[in-house]
Amino acid sequence: MPFITSRPVAKNSSHSLSETDLNQSKGQPFQPSPTKKLGSMQQRRRSSTIRHALSSLLGGANVHSPAVLNNTTKGGNNNGNIRSSNTDAQLLGKKQNKQPPPNARRHSTTAIQGSISDSATTTPRSSTSDTNRRTSGRLSVDQEPRISGGRYSQIEEDSTVLDFDDDHNSSAVVSSDLSSTSLTRLANSKKFNEQFLIEYLTARGLLGPKTVLSNEYLKISISTSGESVFLPTISSNDDEYLSRLNGLNDGTDDAEADFFMDGIDQQEGNTPSLATTAAATESGGSINENRDTLLRENNSGDHPGSGSELNTRSVEIDSSMVSYSIAVIVSVKKPTRFTDMQLELCSRVKVFWNTGVPPTKTFNEEFYNAASMKWNLNDENFDLFVPLSISPDDQMIENNSNDRQMRLFKNIPTEERLYLDKTKTKASLLNAIDVNKTHLYQPGDYVFLVPVVFSNHIPETIYLPSARVSYRLRLATKAINRKGFYRQDSNSPQPIVSPDSSSSLSSTTSSLKLTETESAQAHRRISNTLFSKVKNHLHMSSHQLKNEESGEEDIFAEYPIKVIRTPPPVAVSTANKPIYINRVWTDSLSYEISFAQKYVSLNSEVPIKIKLAPICKNVCVKRIHVSITERVTFVSKGYEYEYDQTDPVAKDPYNPYYLDFASKRRKERSVSLFEIRTKEKGTRALREEIVENSFNDNLLSYSPFDDDSDSKGNPKERLGITEPIIIETKLKFPKYEDLDKRTAKIIPPYGIDAYTSIPNPEHAVANGPSHRRPSVIGFLSGHKGSKSHEENEKPVYDPKFHQTIIKSNSGLPVKTHTRLNTPKRGLYLDSLHFSNVYCRHKLEIMLRISKPDPECPSKLRHYEVLIDTPIFLVSEQCNSGNMELPTYDMATMEGKGNQVPLSMNSDFFGNTCPPPPTFEEAISVPASPIVSPMGSPNIMASYDPDLLSIQQLNLSRTTSVSGPSGYSDDAGVPNVNRNSISNANAMNGSISNSAFVSGNSGQGVARARATSVNDRSRFNNLDKLLSTPSPVNRSHNSSPTNGLSQANGTVRIPNATTENSKDKQNEFFKKGYTLANVKDDEEQEGIVSSSSADSLLSHGNEPPRYDEIVPLMSDEE
């Protein structure tokens, strides 16, 4: 944040009062408004500049006085209006008793906001407490609010410098140089205003502003707390169960509570209804996880002067509601007089009826508001004003007196939903503006913060072929006494258009009508007169309309808001659990079907697994078909009539697609997602798998055999063996497309699905053009020849054509080829929270089975087994990457695209950081051996000869009898201690010599260590029978690095003789150890039995034979 440097003032004027404070000290209220007259601003600016220059010439010292951000208060002498302050916070309580001389008046500057927060402290802080944060030429300001709940601004010391004063030229006089300096300051001020505005919005959790209207004197931008509003999906059963489980159910039925909330009237106009006030403002101070804060409903509007008595009642905000913040930024470029601004948030419903809206059927489209809420914005209830050019007289103003209440956005009761004329909705909003009440807006940015809470019972944004539910934020006002007509600047940003929210009324209407009705109803004939052809091009701009008689200019802008329904969280609900079906069909076929999830996002691929196991030998499966059914139903506004989306095709015999739809013998739309069959001909699907090597067109038979039961000379008949199969693939759920007027005529009507084939690049190469020799003319003209024969024969692999895996029980490979298709019409979202527009889906798996007739075994009877389960399609923004928490591997990654594990990360100084200890290591006893358990990160072993622990030993039984320590069958391997390198000979074969012999000893050490770390098998010495492992540095006079020399060079391998090998074999067991019992007399004489370890280990790595152990047992007897 920028620092502020203040001008030098007189020596005795470090705490001087400005003219504003002098007037206030006499009890005269002062109301500096950003809408003050321009003439008075210029006079005050000129007089202030002259006074500053005179004070500088009279020898003012470089005494820095704090710069103060204008604050406004409620109550007191200002009568609740905006109040500007140019004094230090320390003098707030002393300004009535202290009167400085006129020449000691300082030239205050504007403080820049670093972080703005809410505070309940009412004690003002002395300015002397900030002296430790001041530097030469830079000043930090920390001003406390004057009232409880007020906001204040604070400047941090690590901010950039923004100088509005000429400290470096304190002896300068007023001259023509001030004009050039003012231009520079104006440019810097404009850049600073943009940065300050963005930080102001960011501090309140808002995104960057988006321009919706711009011309030469006005720009309107919208900033929201998110690109979309995400409403949670909460089942009534789960909600009631969780409430009872947590003890939060007070006996009130949910339906009764919803009816009570919907029964509150919402009035439109200047007195909006259902204003809500947040009672708990502390962040994170929620009552419990289901009750975050409280809203208070009242019937008062946003007018600060409203004297109506509040009639409030508390409404709980639970986890099902979503808070949303909206900021309207009105940037005025020239002094302009505007009326009050009408801001409306509404949800529009449009439903097209094919045969007309019943019962009258005089019109074909329903158009009404499902919810609506209005605000009145003017120069008295803004939250922040940033002037175009910041000066001592034009300072930033934060309106603390504005207390815009948080309001609950919910559905309008059914009886209050009235039909609207879509051609007059904009005019109706403009006509509600009071032209007699105007305000003069000075150049600058006006920020209006609008908090909203969305109820969970409102519908999400819906896009269907004959219905739309969209959310709009609309702003309307009028510019008074504007000369000339201001058209929208061609270089200015265009209004925001959302591709999924049907932003244009004309495109929406054409999409509604032309998508489904071109084959069901004749289009209206357009007159051929010249006026009819050009009348649509004679309208004015959709954002600005001019009234020539009254001198008023209409300003209108709108911003789309997308509301998305999210799937229920897996942590608190079981609604999104995986689907698993396990059944047996007529004691003939057992099938298992598993589907990963129940809530599926569009444009995603979900794995599915199907397992078929025949129970009888004569069952035959010809085809497996997976599809999704979609049913769309519309209900009239009064819940009296309804019709399905497929009725225009299903109930019109003259429709060219009528027979195609009737052949399906079902009323819903069905989209084929996957099909596996044995013949080329079949139903079109998004993915088609054709099996090539099945026997007798049976998907369960792949290994036939010859029938030898016929003893006659007839040819042998081949019989097929039915066996279980497992099919694994991924189902893709394509998203719908926003159809315009042209594309709506190309695709078939709803209910008839057409597909477009996707070419297979693997087949394209095989069936490519023949290789011709390059011609002489082509060579002379510089054309390159065709690819060589080797390059064209290079195989092409496309993974999307190999996603299906079919496994047979016999292990024989199943040969298939794949076909992929793309539907011309995708799938639509589920709509289960709006009673007038209803859309639901089901996943269906169809098995076509053939089985011999029980009465006539020679005849086959064919069956179609249908398994269906409901699924829910949600927005593509609700995919697993956005809804689920990141995995541990993702969280430990150093960067987004970096695949470096945590163990390879570096600290601040660039040193390699070791991985954190595992759970087993953290809870292990400090005195116990340091053991790296299985599944934990490997730890470099310690080779202290005094540690007699299992760290240097092997728990594997195989390697415990593989030979003594240091023994190797390979003469080329050095006779070193195996415990210090690896015991992988028995498990992974002998160790390569390259791990020991290397031109660089460092590489050899690294390889040896890697081998030692990766080997988890160690000797077991728990019974104290094995000898102490001899370290390498004792037996070979080398460093502890596994017997490798520290000097640069190769390692010399001594020739291992037979005697040395035999001597080293004794190190495996303790000296004198034998499996036979030693007699007392032999012990006294020092004679060791012949059946010692030497005889047992005479065969190297082989264990002792039975004939060697039997004599030992006989000797004992």
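If you go along the chain as it appears here, the first residue is 1 and each next one adds 1.
Keep in mind that glycine also has a Cβ here, set from the backbone N, Cα and C atoms.
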Annotated residue, ubiquitin cross-link, per Swiss-Prot; candidates Lys11, Lys26, Lys667, Lys807: Lys807
Annotation match for phosphoserine in Swiss-Prot, from Ser85, Ser136, Ser550, Ser770: Ser550
Per Swiss-Prot, the candidate from Lys422, Lys735, Lys859, Lys1024 carrying the annotation ubiquitin cross-link: Lys1024
Per Swiss-Prot, the candidate from Ser16, Ser47, Ser286, Ser1061 carrying the annotation phosphoserine: Ser286
Position of peak Cβ density within 10 Å, selected from the recorded sites Lys191, Lys577, Lys651: Lys651
Among Lys794, Lys807, the one of these recorded sites whose Cβ has the fewest neighbouring Cβ atoms within 10 Å: Lys794
Pairwise Cα distance for Lys807 (ubiquitin cross-link)/Lys651 (ubiquitin cross-link) [Å, integer]: 45
Pairwise CA distance, Lys651 (ubiquitin cross-link) versus Lys577 (ubiquitin cross-link), rounded so that it is a whole Å: 38
DSSP-derived structure type at Lys191 (ubiquitin cross-link), helix or strand or else coil: helix
Structural state of Lys807 (ubiquitin cross-link), classified by DSSP into three states: strand
